[in-house]
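Asks: One structure follows; several queries about it will come next.
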C-alpha cells in the first residue's frame, strides 16, 4: 500500500512538471498579450504584466478584422473537414472494400505523395485555382487540401479492419456501395473518421502560406495569415501578436475541452497524435 | 388569371434584375481597379498616403494596396505571375532580373518616351539597376543608406561624450569601451555593428579601399578582405558587440528604444521606427559610419515599382507608377515614414528628414552616406545571392565562433562566390 502511494506520488510529480513545461509557453503568450509594448521590451524579460492591460487586444481589432478572420477560419475549417471526409472516405472505400484493379500501385503512389512536402504543390495548385477563376475566394482556401492523400491512407487502414462478413451480407441484401459506406463502414471506423476530421480542422486552422498566396483581400483570409500580417519586417509589437495568438488559440481550446473524451478515444484508437 | 399574373410578375422581376445587374456591371466597368503589392508593413502608411492622393487626382481609378509578409512575398508572386495573374503594380528588388528573364515584367520604355519622363530625376545607380537588356523595367522608389544612431540620453547619463560628426573607427571603439566600463547594468550593450558578410563586412572591405568582387572574381583573400573580417571579430572578442552566436534574436532598434543599447549601425529603412518611438526629441542622434583610414562606405540597393506584363490596365498602371515615384508621390510616401526616396528632388528628401525630425543630425548623416555609397555585392551581382545562405551559416558562423581564421574564412568565401559567379 505504502509503495503504491509512493508510486502514485511520483507519477503526480512527473505529470505536474511535464504539464507545467507544456503550459509555460502558452501562459507566457497570454501574459505577453496583457502587457504594453514597452513592457515586452524589458531586459530581463518580465513574466507577469504589471499592470495588466488590454491595449494589445484592442490593437488587434484596430489592425486586423479579427472577427471576420475567425468566421472565415471556422467556415473554411468546416468546409475542409467535410470535403476531406467525403473525398477520402470514398477513395479509401474503393481501395479497401471494393479493391479496385491496381489498388497496390495506387497505394504506392499515395505513399510516395505523402513523402513530398505539400509546399511543392503551391504553384501548380494556384494555376489550377486561377484557371477556375476562384482566387480570392473562401473555397480556394480549402479546395486543394480536400484531396488529402494522407487522409486516404489513414481511412484505408481503418476500412480494412471492417469485417468482410458485414459487407458481404449487405451486398447480398442489395445495398449499394454508397449505402454500405454510410451505414456500415463509416460507423464501424468512426474513430478514424473523427481523427481525420480533427487533423483537417487543425491543419486548416494553422495554415499560413497557401491562404496568403491564393487570396488577396484581408477579408478573405484566415487567422494564420491574419496573425502574420501583425508581424513587422524589422520591429514587431509582440504584445499585439501574442494577444491575437491567444485569441486565435482560444476556440480550439474550448472545442477540445468540450469534446475531450471523444478526441482522446479516437486518437488512442488511431495511434496518432 | 392569378397564375398568369404571377408568371408575368416573375418574368418582369427577372428582366429588371438582369437589367440592373448589367447596368451595375457597366457602371463598374467604367472604373478601373488596380492592385498594388508591397511587403513592408512599416511603409504601408506612407504608400497609402501617396495612393490616396493618386485616387483623388484620378477618380476613375481605384487602387487596392496589398501588403504581403516579406517571407511569403516572392512565393505569392511566383505562383500568381506563373498563372498569368498577379498585381498590376508591385515592388521589385535586385531579384527583378529573374522576373525579366521569365517575361513577367512589362518594359516601360514606350511609356517613358511617351510622357518624356527623365530618369535623371532619380538616383542614377538605382535607375540603372532596373535597366535590363537595354529596357527600363522599373522606376526607382527608394535607396538604402547606413547611418549610426546613438542613444544620447544613455551616453550622457553615463557621462560619455556623444559621437561627433567626423568620427573614426577608433572613436567608435573608444566610446564603446567607455560604455562597457561605466554601464550600470551588464544588460546594456555598448554597440551593434552589422556583422553580416553582405553588409557590415563588405562595407568595411570597400572602406579600406578594396572590393569584394572585381572583374568577375572574388577578392576576399586580399589584405583588405582579411582586415575587414578581423576588425569586426575584434569587436566581438572584446565584448563591445554581443557574441554573434547570441545575436540572432537581438533587435537593435528595439534595444535602442528601450535604452539597452548605446550605438547601432542602422539602415535608413529603420530610421522612421526610431523617430516614431515614444521617446522625447533629442534622445537619438545620427552620424555617418565611422571613418576607416579617412573614408567610409555604404552598401546601397533600392526598390522600384514595376508593372505586371499581364496587367489588364497598363495605361492606368503606368499612371500609378509615375505618380508614386513623382516629386509629389515620393514626398507623400516619405511623410508616412519608412524608406529614403530615390527621387532626387530636394522636396522628397526634405519630407523624409522633416518626418524624422526627432533624430538629430539626420540630414548631414544621410548626405555623407549617399556621398560614399557603392552598390551592394548581391545587387551588383545577383548570381551570388545563391551563395549567401551558405556563407552566413557555414563560413561566418564558424569564423565568429573561432573555428576558422580570417584567412581560412576569406578563402572559403572566395571559393563560394567564385562558384556562384561561374
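Every residue, even glycine, has its Cβ placed from backbone N, Cα and C.
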Asks: Scan A:180-202, A:203-225 against TrEMBL and say which stretch is down as transmembrane segment.
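Replies: In TrEMBL, residues A:180-202 carry the label transmembrane segment.
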Asks: Using Cβ distances below 8 Å and needing 3 or more such pairs, separated by at least 6 in sequence, tell me whether the transmembrane segment (A:238-259) contacts the transmembrane segment (A:12-35).
Replies: yes
Asks: If contact means at least 3 Cβ pairs within less than 8 Å, sequence distance 6 or more, would you call the transmembrane segment (A:69-98) and the transmembrane segment (A:138-159) in contact?
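Replies: Answer yes, regions in contact.
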